[in-house]
């Protein structure tokens, strides 16, 4: 990339900055949840909605982000994304109630949903094709550093300042990024087809109301009749989308995608697998603080080995898949992650705290291998003309399943804790033990899906997408 013009390198730095902001925010909040609960006068069991409101909004808005960038221009949308994200951060810091915080997090989610896909699109437009891989590696590296710094930085700010500062630090950074975007980034546009607004609204309603219904009466305060109504609305919306997309070449996501067996299996496995994995970043710092009495900063530091394990495995995951095949790798890592989850709970409750960093490092390695394998399995056999649509659907499902995972984790805590969980409670560790056992069971379930994956171990098939025409 040394031969790129200075203006292009500055534009890549702006995109990298956006990736860093978005990835940092996905992890920095987790460590602060118990302190937020105390400050807002809420039960810690309700605080999972702080994560769900953000991730679910990202899932809902992702399908529209690429079309908006093509229609309005990448600079305009990237600038808007940073402004919305920064305003959301300000409103989060000013929130005095949980409901205000949830609305502010949703606004952050709108910005976050546009930031990363539009950033990828920007790189595609400003960098020559032969340098695209190097440019993407450069801009995504800060996105890998964000999760590494997030938990510890969040814990540090909570312990020595207040939870408000995990949002306030975004404001000066966001202002600088917005100004730099206006000054340095070109406003590329492309001719677009008509946006499938009907399909978008049906999917958005279906995802949102079903996730809200899943939270149940304990989280939302809704009556059983109201929850049943939400479920009915969500199911009807998704069924209507399927009818809308059938034989519709302009549908948001073509049903032709599901003619590819590996895509169908990979998407189902990714959805189920990330529900279980999505529980862990939320539950681990909450358990360390409320269940074991760790300080926020100490709990944040304990999350670093998990991120390091994840980053370390990315270098060899292709060799592992080529050696053993997708089916063996996915079944083994799914069951392995379930066992590591049980190991973490056991060592923590036995008081073997010095072992926890090694267990979390192992958890990161296993999780990273499974994530990478799920992603490539899902997309590897799609024909070229469906690859972009399939990737967008996978990205949406990834965010949706993580929001559902956090919702289920909060639901389990509420079920076993009867709304009474605190550091001083004598039953707290028992509540967490039952919750972790349930999580381990849920994490293991996708192994049944992955057992149906063709056991293809040939390198040219395992890491390359076949070019076929979609008939």
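Including glycine, each Cβ sits where the backbone N, Cα and C put it.
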In Swiss-Prot, is residue 455 on the same membrane side as residue 223?
yes
What parts of the chain pack near the transmembrane segment (138-158), using Cβ distances under 8 Å and only residues at least 6 beyond its ends?
1, 12, 15-17, 19-32, 35, 116, 119, 123, 165-166, 169, 285, 295-304, 307-308, 310-311
The topological domain 'Cytoplasmic' (33-48) resolves under DSSP into 12 helix, 0 strand, 4 coil
Stretch of maximal Cβ-Cβ contact with the transmembrane segment (263-283) [cut-off: under 8 Å; candidates 12-32, 49-69, 77-97, 342-362, 396-416]
396-416
Would you kindly check 49-69, 77-97, 342-362 and say which stretch has the most C-beta pairs under 8 angstroms to the transmembrane segment (12-32)?
77-97
